[in-house]
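Enquirer: I'd like to ask you about the structure that follows.
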């Protein structure tokens, strides 16, 4: 039976639920010109949630509701960074939304509900909780993508996202039902033991395949990546920046919970499958990104390749690999918010600033933004001494330690291929002449400017001083 | 006398066959109204399978909620959409061979993996409700509100998000649309509708007598 201790363990989630519902109510009573109140309140809600996660720490790992909900180091770190990303998104998104009549309360409520889904997903201790957390996250994301109803592109992206997402959820559920059929338990912790001596090992592996397909869809790993480019390009940039950050942390959390906590005994099976997914993602993501002319689409393909690197860490199937993969997920979330943040800072009413040509000669017009974009691009490419370099180094190291040298070599080769298209953006900014008649107007929003600068500089700072973060990641996965 | 276990097995295969056949009909029938009716049959026979598994409450809920309410709604929507049947089915014959090949390959793989073993598999475990000495519904309620309380609440959250999303995506204020505003109608003040004009009584003047023709 659940009791008060269970509720205390669940405090951050309960608080966020209540706050989201209150914001929803407040939105109904507020006048459109007072939306700023809602913006600041939402921001405060997310920041307080971070405080609650950090401050209210029971001794780890602790479970609530009979093992349904787990709080451990992995969940805590992922939650803090997911909430942080959401707060960044709120600040970055406001001028963009205000310019496009999208400055509505639903954006904030849906984003908070999506973040709540992330938090429940990374804390899931049961297959049912994994599925429900995922649905809460994705359902909110579909609605966010479709928020701009007047844009045919957004609607198309939302429909594609919805149909493929529903298909992926179906696959995942089918796999889970097979796993349940083979082991007779839904709890991930019990699954771990039951998987070893099941009467139907074939059925279990059959279920595992579908679970991996589901995870592949949610990560956006090739060959389940088809939705990523259209959704990234089609959604309003303010929503793209959200989809590119917190849900990636959730996808890592989901993969960890399902594959390690639940099906860890089947690691020899899923290691091979993940290695195949990783190679395909690296190849497709990096090669197709080269020919893109739209920056949002380019970043979408770059996401696919980054998910390939994340999988390199998971392939290791040991504490070192999980720590590397989590470090990678965090670094990717921060780099992607910075890159999309620059696009948001340059976009204005009637001008999306999403073509690479729009960045021509940015250095002459706004040297600081060009510098920030350069930091983001170099970090995504994995140039030392930036954050992305160490993240890549760690996952490659994890793959080598797993005895998959060939996989690490593939990863390193495609990192060089990837360098080309990131450098192209930098070259366009620094060495091309600005297009006549176009002028760069940076959004005057002070919060956006300051936080974007901090975000991009953090990429540099964490590249130089990455010890503590890596220490936390390693501590979260005790051997 | 027929063996009850055998009878149960025969019933299971009969219901399962009807379920699969009806599900196939849903995606192959040309007329979408017929497809919805086939879906009703699918749900109904699935409910029968659940009854065999001693999940009475779920079976009844499936019939009441899905067959009774959701499918009727589906029928209404399908009838209102008035889809042109010819256009929808255009690619069907062309892609049919490919589809059949894929389906057969998948079926063969699934049978190879699980089907053959499933024949030898043990039957379902003991009914937990019976073991606890409770009725099916009582046991389900107890499991739902104690062991599975948290997932139950999260499912409620998902429904909330569904409502928010539906409202956010469909509610828009249009100008120039003629519609009734009930609040406005209730708040109406007689004085704004009827203007009572006070004026002096005036005797209607008799029409001027016609001039006699000259």
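All positions are counted from 1 along the displayed chain.
Even glycines carry a Cβ here, placed using N, Cα and C.
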Enquirer: Between the candidate ranges A:270-291, A:424-445, where does TrEMBL place the transmembrane segment annotation?
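Expert: Range annotated as transmembrane segment by TrEMBL: A:270-291.
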Enquirer: When secondary structure is assigned with DSSP, how many helix, strand and coil residues does the domain 'NAD(P)H-quinone oxidoreductase subunit 2 N-terminal' (A:9-89) contain?
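Expert: Its residues fall into 61 helix, 6 strand, 14 coil.
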Enquirer: Grab the same-chain neighbours of the transmembrane segment (A:270-291) for me: Cβ-Cβ under 8 Å, and only residues 6 or more beyond its ends, written as numbers and ranges.
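Expert: Distal contacts: 208-209, 212, 216, 221-223, 225, 259, 263, 298, 301-309, 311-312, 314-315, 317, 402, 404, 407, 410-411, 414, 417-418, 420-421.
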Enquirer: Give me the mean pLDDT over the domain 'NAD(P)H-quinone oxidoreductase subunit 2 N-terminal' (A:9-89), rounded to a whole number.
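Expert: Residues in the domain 'NAD(P)H-quinone oxidoreductase subunit 2 N-terminal' (A:9-89) carry a mean pLDDT of 90 in this prediction.
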Enquirer: With the transmembrane segment (A:12-30) as the reference, which stretch in A:102-122, A:203-226, A:403-423 has the largest tally of C-beta pairs below 8 Å?
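Expert: That would be A:102-122.
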Enquirer: Let me spell it out: take the transmembrane segment (A:368-391), skip the flanking residues so only those 6+ beyond its ends count, and list any with a Cβ under 8 Å from a Cβ in it.
Expert: 302, 306, 309, 324, 327-328, 331-332, 334-336, 338-339, 342, 345-346, 359, 362, 415, 418-419, 422-423, 425-426, 429-430, 440, 442, 452-453, 456-460, 462-464, 466, 470
Enquirer: May I ask for the residues of the chain that lie six or more residues beyond the transmembrane segment (A:403-423) and have a Cβ under 8 Å from a Cβ within it?
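Expert: Long-range Cβ neighbours of the transmembrane segment (A:403-423): 275, 278-279, 282-283, 285-287, 289-290, 292, 298, 302, 305, 308-309, 312, 315, 377-378, 380-383, 392, 395-397.
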